[in-house]
């Protein structure tokens, strides 16, 4: 920057002649150039040569004036050991220290033994904290002594050091001096420079606040005394330490202008640099109007903050790189002294990390402090780390605000000032996501093509709502009012007293899970939320959370599921929210310690869940009991649920009969449940079966609220609901028309119309359904890239029993694993896999077990008989092994034997009897929170790590870690419109959206650069609110050879399935864990590797005993089905 502002600039030496520091110290070249250009004065700045007496002398010998003290004064004061002697001669107190330079480490040890600890080693010729080391014990003294000498030699060309006692918590007060050639000296008052790190000043203030007036006057007088003693000329700074007893000690005079001189200029109105030049030209202080002392008066208060390219969270480690965005502050009382701060500037490690000095003036300390905060908050520096977040926290710290009495180790003594410092950098991170989308395409797993809707969303109007009522505000009344007023029991009484059938809308969860792979984002739910609160205010509930939506939000949409819940709760305060709780599995796929389940339910209730649909994937009552108890203790509505499978109308079947379900209902009612749910997850409940089941339950428990859920896979859902309504059901689940039918829930409009005009009418208006449906028709087009393309119902579900939500996910999984053309084979294998598992209830996570086994059978070309015969050696998916071990609980009719025993015995696994989570040790959630704070910082992405984050991490450790890593890279993108979340921008395309309330971004893609040969990166150019921005994105297609993130699977030899010495991949997937090494001895069943694909993990085990001779894969690589993983030789 200084070159751009200079009238002329010249390079010192030829390229490569000097190091960066060497060029600054090459004063013969500097003098030669200055003289050749006819310069009459040389100003040395405030670094390197400013305290070099030889340079000053050479300038004068060359016939030019040196803007600074005489060479003799520099020589006397630039050496701190000489300066101590001068102070003593002038009767000014100094810190106890060595009489002169300390040459040998042995002398330093002797001094330490005589004067005690702590002590500080200082470079005699130093400044800026270089060559300084604090020593607290004798053991570390030799090493620190050597480091201080080496640093001083490197920085100043002179390794001379001396020792002083180290004062505990002193203030650093310095006095700005001006002297002329006539012997006149004045002070420009004091500065408080106590806020330091590594002995370098960070914040400077003038005047010093809360300093004893007597001490202050003594300091000012002593500064003048020393300056006159040495006949000081030009600008200089006398520095003092003030201990806890207000005793002051002289430490040095810096014979130069200092970085922080700007605060003095602001409070005195004096141009110090201008005065320096005039004095060097021979003018006196009197001529300059600066003498006598009374001429200089204080005007207000000033604070200087040094904005540096350093990362405070890493010990102020300097950061380097290219500044992508630079926007500075301004306004009344704000002064900026800039360095290399501009967009496109490259910050190198060769120079000081100072980017800009921000000096702010106010009427008093508090006014200046607030202005400084405002000014720093206006800065936008992107591409490199800065200390701005730290400065903002420091200026807002209570001790800084109230006491204003600070000390030199304040930063070190207040470590939490440095914890969790984050620069949100939201705009630039968002642009990086958009740039990556342009260069590499979507990262949303499962997206096929682009959304069919490429237009703005039109929000509906409700004709039934009076025009004076705004749909942008939430409705006030609904069934939740009854719940909040009368509690769960009162709600249930009101439901039973209600004459009609109540509707629960599943659009916000199960419907889009079944038809759109659970990919609907929070922003699109929030856009229709307040309208829904009006149109469906007679609905019993909205199902909006839990189940697969929890992990998918983090895993694929990079959203916090808890924030989704809280956001929707604020927008819909009148309709109860229902979630899907997997009993002892919470919202996971495995069992958790009981304390996790209890804490989860408590937090979910606080965040906004009212009704908990509690189910177990095997109808295992012991698992259900934990969920019921946890919900009741959390204050929620406990809807314990029977998962329906089979066909109770087929009297030839002996499993899953009407008596089985009534017996199960009896056990749940005894637990004190509020609502009995019937979860027909595959749509197997036929109309006649609904009449039988609902009728029998209503007859036995006339006051029990019954809630029925089904899927319309076979196309009989509406008929089933009508039969259930006649039989006495209270609540039925439907989905908005555009997201209904097939694997989703029955059509809301059809059910409401069918019951309209009867005593069982729902209370929902068809006009409102159609208006809101218009929004969801747009959503169906917007999310078309996740639509599985189901064209019709499938009555084959009565044979396969595949749950609706799993049906579409299984199709997608099959396509991802290269089995898409074998969909019919997978459905047939699903039937066989179910029987191999013991003909079980199939709902997450048990349905996942059956699905994983079915895909495994198809990919391995195995029949059910072969699976039974070879079960001891097959590399089953992890979920299958865990099921047979007992991780999910006990199936209603037991396991298939002897298959289970063979699987466990061959793998040396013990079965788990009873409730799996019963013997799990509690997780210390407080410790987990501390672990997350240590890993991510207590304050990250603009918010603190909280209890909700802890639960997300406990339930899904790897998913949460990936989610946090994504946010660190791309920031918070949940408010980005879905169209631009899924569709790459075209060059020239512009869009506008609201990042948060009151903060609108206008983004335009300007250009995409070529891929760089060395790094395969592309520059992507944007306009953000009219400001040019650039982000660098790795082109993964171009960069596959240098960037493993592309995960390109190299070609590998295929394993011979007939040769047991060759270990092959049973499926396509990612190698998440490589257990084996060449030369390792293995036994039959020893794990070789773990593969993962689409949430399914498979352990690849050795089929024989022997020694690993070759390994053909690496961790984090992709493999295809049948790829050779390893070879095993005989021992």
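Any Cβ shown, glycine's included, is placed from N, Cα and C.
Ranges compared are 1018-1040, 1041-1063, 1064-1086, and TrEMBL records region 'Disordered' for 1041-1063.
Among the listed binding-site residues, namely 80, 582, the Cβ with the most fellow Cβ atoms inside 10 Å is that of 582. When other Cβ atoms within 10 Å of the Cβ of residue 510 (Mn(2+) binding site) are tallied across all protein chains shown, the result is 30.
The Mn(2+) site, placed at the center of the C-beta atoms of 510, 679, 709, 711, has further neighbours from the same chain whose C-beta lies within 8 angstroms: 506, 680, 681, 710, 733, 745, 804, 805. Across the annotated binding residues for ATP (80, 164, 199), the two most widely spaced Cα atoms sit 16 Å apart. The least crowded of the binding-site residues 199, 679, 709, 711, judged by other CB atoms within 10 A of its own CB, is 199. Between the alpha carbons (Cα) of residue 709 (Mn(2+) binding site) and residue 199 (ATP binding site) lies a span of roughly 68 Å. Here the CA atom of residue 844 (substrate binding site) lies 70 Å from the CA atom of residue 164 (ATP binding site).
Here the Cβ of residue 844 (substrate binding site) has 23 other Cβ atoms within 10 Å, regardless of which shown protein chain they belong to.
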